[in-house]
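Some features that TrEMBL has for this protein:
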type     : residues : note
ACT_SITE : Glu290   : active site, proton donor
ACT_SITE : Lys425   : active site
MOD_RES  : Thr39    : phosphothreonine
Amino acid sequence: MSRGITLDYRYALPIVSEEELFSLEPFVEEVHRMIHHQTTYQPYLGWVDLPYTYDKEEFERIKYIAKKIQQDSDALIVIGIGGSYLGAKAALESLHHHFYNQLPPSRRKGPEIYFAGQHMSESYVKDLFDLLEGKDISVNVISKSGTTTEPAIAFRLFRTYMEKKYGKKEAAKRIYATTDRLKGALKALADEEGYETFVVPDNIGGRYSVLTPVGLLPIAVSGLDIDEMMKGAKAARTDLLHPRLHQNNAYQYAALRHLLYEKGKKIEMLVHYEPRLQSFSEWWKQLFGESEGKNGKGLFPASAKFSTDLHSIGQYIQEGPRHLFETVLHIQEIKEDIVVDKTATNTDGLDYLAGKSLSFINEKSFEGAVKAHQDGGVPNLVLHIPQLNEYFFGYLVYFFEKACAASSLLLGVHPFNQPGVEAYKQNMFSLLGKNNGN
Ligand SMILES: O=P(O)(O)OC[C@H]1O[C@](O)(CO)[C@@H](O)[C@@H]1O
């Protein structure tokens, strides 16, 4: 089995040619230089060497605290928004049992895990408190700035809930804050209350932070192997270090999506055939959306789950405006555990599938859709991923981070800021009367 992931661009070739792709070589080499050897973006590039340079002492502390939470909590509440929770949610859903939280504790290594602070829905918080009745809980509050409204509100509510339930002293022992090393409201509060803290490195932005304590603590609490995850990221770091387009899959993916954009494709749809990849798509959407949507430019990152969505938006993809392309996350491992059985009467007409596994049929659905969409003028890029496990999760995260930085630079935008998000935040602050003496 391959140790990395491969990119198959055969199904995009009628729209972009290999000649066009490799004509981007000099631009890609320049982009490579900007990522690896230039100082302009240096303050944001901590993720590039992270698989080697991560803080080993803190990494061991993550594992130690994860064990403590596994022992003293029935549930962990992860509070954060955007890059501060999407990576952890993506890992948990991609790599665990589909019904993780519903499994009996004896079948899980970690506690139940819930997320809060991603919106201001009152009914959600009420139902979550309701669900947690009678359970022992811990909270991991994650905010680099410490001032983002949604998680800040959720944390205030949970702090009060925990202090009522456990008393201030015991509550403080069950709250873990992942935040800036030195500054911000959450850091100040954590110091004041004596919470155990983990650091979001200065030079890594929220959407690039899955493989820092931001993602790693909740991932480790759930019982996943974070050493394997870092090993996968390390392999990707090595595989994707080459400056030449021919030898670098992440740069090829970046260059292809750039070419497709130039040829009028305005939407990239990330497609998967495994419901467990839904949150991964959400992480991917933030990564590319916040990085590229600037100066009136950028592909719109969308996602679809197949075969489900082939029966809803499949029609639009096949015959609607030709302004989109698909990137397929194709899991190569075929499991043969569940097989269609043979019936005596074949009344449902399905005997032609008897003896075939669901994975095999799913694979045919992938082959059928890729071909149909290509024939319909929708280019497809396919990423072959050998297996869904910790190693390849780490690999894939790094692959997309590198590709995203390269793609943004090819487009001529700053890959690591998000000035547009501030506009909404400032409006809301003034509508709610922030800084009016409260
Ligand atoms: O960790 P913080 O500072 O709360 O920020 C959370 C998220 O908010 C954003 O700034 C956008 O709303 C994201 O970029 C970031 O991932």
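Using N, Cα and C of the backbone, Cβ positions are placed for all residues, glycine too.
Between the CA atoms of Thr39 (phosphothreonine) and Glu290 (active site, proton donor) there is a gap of 22 Å.
A gap of 15 Å separates the Cα atoms of Glu290 (active site, proton donor) and Lys425 (active site). In this structure, of the recorded positions Thr39, Glu290, Lys425, the smallest number of CB atoms within 10 A of the CB marks Thr39.
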